Amino acid sequence: MKRVFGAKKDKEPPPSLNDASDRINKRGETVDEKIKKLDVELARYKEQIKKTRPGPAQEAVKARAMRVLKQKRMYEGQRDMLYNQTFNLDQVAFASEGIKDAQQTMSALKSANKELKGMMKTVKIQDIDNLQDEMMDMMDISNEIQESLGRSYSVPDDIDEDELLGELDALEADMGQETEGAGVPSYLQPDAEPDLSEELNLPSAPSGHAVPSGRVNNQAVDEFGFPAVPNASLRN
């Protein structure tokens with residue numbers, strides 16, 4: 001039967017927006033090239049019209065220029081039509097991409113919503129409140145334990161704090177008096193050294209310098225009682 005009636009041909013997929021836009025852009029480039037060629041030809045005819053004298057020759061050149069100008073106008077109209085088609089295709093492609101982005105956004109939101117609902121089932125507000133209350137109770141117990149461990153041993157409970165403050169003020173006053181009288185507290189002053197000369201009954205040292213016997217009284221002596229050495233003269 002296929003040999004008699006033939007088999008159905010597979011339908012070609014419709015062209016995409018990008019394919020249609022590329023095809024129109026190529027056509028527009030072809031039309032632009034034709035318009036450039038006509039511009040060159042028109043420029044040549046204008047030069048010929050300027051150089052020729054008025055008459056049949058000039059009229060013939062003008063007729064050719066008018067024909068080229070008409071072709072240029074026709075190509076310009078086709079180019080404008082192609083540009084409008086390209087603009088429409090670009091708008092449709094932009095709208096299509098926007099719808100695809102919206103579909104992906106909705107799909108992502110649905111997936112996130114489903115996942116969030118599953119996570120919210122495992123978390124309850126009451127459990128969070130109970131956990132917070134337990135943490136506060138544990139912190140209070142920890143503070144009580146720290147206070148209990150920080151107590152001092154063998155300290156009587158009936159100590160009067162006002163009496164202790166009075167003793168502290170008296171101690172500070174005593175220390176202030178010692179500082180004002182001697183400049184240094186008594187417990188910081190050095191011990192006095194004993195006078196050994198009184199204990200051993202040693203004779204006192206002479207106050208003047210001894211002059212050796214047999215020497216002239218007017219001889220100069222140094223600070224230790226010995227004859228002074230004369231200054232030597234310096235020679236050049």
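Every residue gets a Cβ built from N, Cα and C, even glycine.
Over in TrEMBL, the protein carries these features:
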type	residues	note
COILED	99-148	coiled coil
COMPBIAS	20-30	compositional bias 'Basic and acidic residues'
REGION	1-30	region 'Disordered'
REGION	177-216	region 'Disordered'
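With a threshold of 8 Å between CB atoms, the same-chain residues lying at least 6 positions outside the compositional bias 'Basic and acidic residues' (20-30) that come near it are 79, 82-83, 85-86, 89-90, 93. Mapped onto DSSP classes, the compositional bias 'Basic and acidic residues' (20-30) shows 11 helix, 0 strand, 0 coil.
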